Amino acid sequence: MDEALGPPPAMAEKADELTPMLSQYLELCERYDDALVLFQVGDFYETFCEAAETTARLLEITLTQREDSTGTYPMAGIPIDNAESYIETLLDAGYRVAVADQVEAAEAASGLVDRAVTRVVTPGTLTETELLAEADNNFVACLTDGYGLALLDVSTGDCYATRLDRTAGVADELERFDPAEAVVGPDAPTDCFGEDCMVTPYERSAFELDAARERVEAYFGSTALASDAEIRACGALLAYAEYARGTTTDGETEPLDYINQLTRYDPREYMLLDAVAVRSLEIFEPRHVHGLEGAALVETLDETASALGGRELRDWLRRPLLDADRIERRLDAVEALVERVSDRERASERLADVYDLERLVAAVSRGRADARDLRALESTLSVVPELRACLDDAAGESEKLASVRERLDDCTAVRELIDRAIVDSPPVEITEGGVIRDGYDERLDELRATERDGKAWIDDLEAKERERTGIDSLKVGHNSVHGYYIEVTNPNLDAVPDDYQRRQTLKNSERFYTPELKEREDEIIRAEDRADELEYERFRSVREEVAAATERIQETARAVAELDVLCALATVAAQYDYCRPTVDADGIYIEGGRHPVVERTESSFVPNPTDLPATEPLAVITGPNMSGKSTYMRQVALTSVLTQLGSFVPAERAAVPIFDRVFTRVGASDDIAGGRSTFMVEMTELSTILDAADGRSLVVLDEVGRGTSTRDGYAIAQATTEYLHDEAGAFTLFATHHHELTDVAAELPQARNYHFAAARTADGVEFDHDLRPGAAEASYGVEVAEMAGVPEAVVDRADELLGGMRSNDTPPAAAASTDGGRVPEALLAELEAVDLAETTPLEALNLLSRLKSQLD
């Protein structure tokens, strides 16, 4: 166990002798023994002993000491005002953080100030907006040994549950949601989570079926969870959320009423994009920088105006649809918004004024929202009628837009309550007054009037006293220690009236008060204190009334999110000349297809067609490196993803089948941490494809067998081609440098050859990036190597060897070097297989080193 966690041994040994404050700290460390306890002392959060040493090291802050009758303890603290950035650092270092706040004012405490853990901060249970990405969900997952999977975003209340068949399915599903933390039960697999996911073993009792079912029903009522594994996962996840919620600063348990809707789903209802496909197609993260920062599909599509829309878009991308009717409904909505430019632009302008409604109402429900949050919520709800008006016409042309419009509820009573109760520009603090609007509460107005009248009397006092005493230099002032006073300089002390009572002596003056001034001051203080208390009570009451409308506000938030995504997709379609695809076609038919990301970064992008009928679903694609093979295959795959997302696609015309899965085998890389070579990684990915691909799959293969010898590589490539043709029947795009494979494809009845042509010029090779029927005539590998800067001697020798092979029809292994030595079999194959678009500078240097060593 980490020494920074749990009760400090040095304190535990002297538990009976510790001061009350350190005893309180020790008790909290025992209760939250899996977290670093940040213990509020005044304006700082303090840590002690081993926790202090760890905190000081990680946060690079000073390690001090606290002396006590029982000894001296290391201590390190952080200012409360900057706590969030420090907490983020502790989370990044792999720690959970229990924040223990003072839940009563120090001046109100009769003895030891009461403290309670108001929140347990973990990577998966964050609710602090400054620590969360606006456009991304922050999920905590829970996995059971029966492959029950539940996911919860504590910041929004989004909750999902499903049951998976096997470990591989778990890994794929986790790739979809990318949880920041995973809660696992006894015997559950733990090797399927990403490197950035904190794995948290949780207490066995939370996974017991009866307790889990009771908890699930308490949150969601009678549920449609189909298996015990799902119930256990969901129940345990809710238990973990309860553990992390802590208490409010009022000492009350933080409610989680906003977690009220459970989405039970079947992964088979959505297109499966596994981890390899998501990375290869650059759905969320770019593998290369195409001259544009953030060049991934999601950024290309993300014209959303709100955080709600940004998260919804990513959810749609995680789960493209398989149901043709649902896809068509989305496409109908996008088309209606494409055609109604003015309505769409007005809606987008108003969506830009929308705050994060989901996280706002969640904060309200948890009792964490301040007055500014309520004003932001009111401001967002006030936009809703205008959004609804933008859809008056379009809703008649789209069932989905009609549904969105119907669900856009401006919650009039909530808006009016907030507007009536909360001032327009409230302060950050909600306990120090200035939050509730005048006229909202009669008693509060009376107290404020008393306060104002008293201060007005004091404002006039200085002039009155100067006139009464004849002391022109007399001043009336105030400070936090002595309150209100009348100050008279030493030369004028003889003129001080008898009713002046001394309050403070200074070097050059005396400060006094009068009975009437004291009385007025007491009235002001009493009015201020009672007004602050009453104002906070009224604010909490308003917040609770707003919280009662949580479900209505959440439904509006979901409708706003959908509208934002549909407007974004329509904007992209209109701006970049996308077309509406035909769904559920019997083949892939695309005219003028383009890559949605690459076309934005290249001024002369060349569109290409695709013609793959169901009767000939396999295409073998040849051509030199840099000719466009990889980009072309990815754009076909992305066209399918976009179609099933419900988006228009970058093409003149497009008709595609509905694919239940997209497989990719693109590029080459070692898995050093996993102890796997490039070739082993490649074969593992290929095995997954061949095991699962069928007639409803789209397979993209960019070189197979490149990580081994030429003969072995070709044998694997041919066997793969034949298997995909004869057994799987999947729609397949197979790019290869094995030109012999084109002869195989020519003999297969359900396969076609395509190629990207190139021509030799005085400057090397010229690519036209046009896809054409038939096989390529040459690979131009030597020419591309020359363009890449391979040493002239290597290029010349390779050209000489290639010429000899062509004239003698000699295989690479039989060609001899000029000095009678034997040329390594892989030399020419490596040159031909160099893919400049995939090669980093370091890889290029390593390649040159290998070639030189082979020649030597």
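Here the Cβ of each residue, glycine as well, is placed from N, Cα and C on the backbone.
Annotated features, as they stand in Swiss-Prot:
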{"type": "BINDING", "residues": "G623, P624, N625, M626, S627, G628, K629, S630", "note": "ATP binding site"}
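There are 28 other CB atoms within 10 A of the CB of N625 (ATP binding site), with all protein chains counted. In the structure as shown, the Cβ atom of S627 (ATP binding site) sits within 10 Å of 26 other Cβ atoms. Around K629 (ATP binding site), the same-chain residues six or more apart in sequence whose CB sits under 8 Å from its CB are I621, T622, G623, D702, A735, F756, listed in sequence order.
DSSP assigns P624 (ATP binding site) to coil in the three-state reduction, outside any helix or strand. Neighbours of G628 (ATP binding site), defined as other CB atoms within 10 A of its CB across all chains, total 26. Apart from G623, P624, N625, M626, S627, G628, K629, S630, the residues listed for ATP, the same chain places the Cβ atoms of A735, F756, F767 within 8 Å of the centroid of those Cβ atoms. It is G623 that, of the binding-site residues G623, P624, has its Cβ surrounded by the most other Cβ atoms within 10 Å. Of all the Cβ atoms in the protein chains shown, 21 others lie within 10 Å of the Cβ of M626 (ATP binding site).
The Cβ of S630 (ATP binding site) has 22 other Cβ atoms within 10 Å, all protein chains considered.
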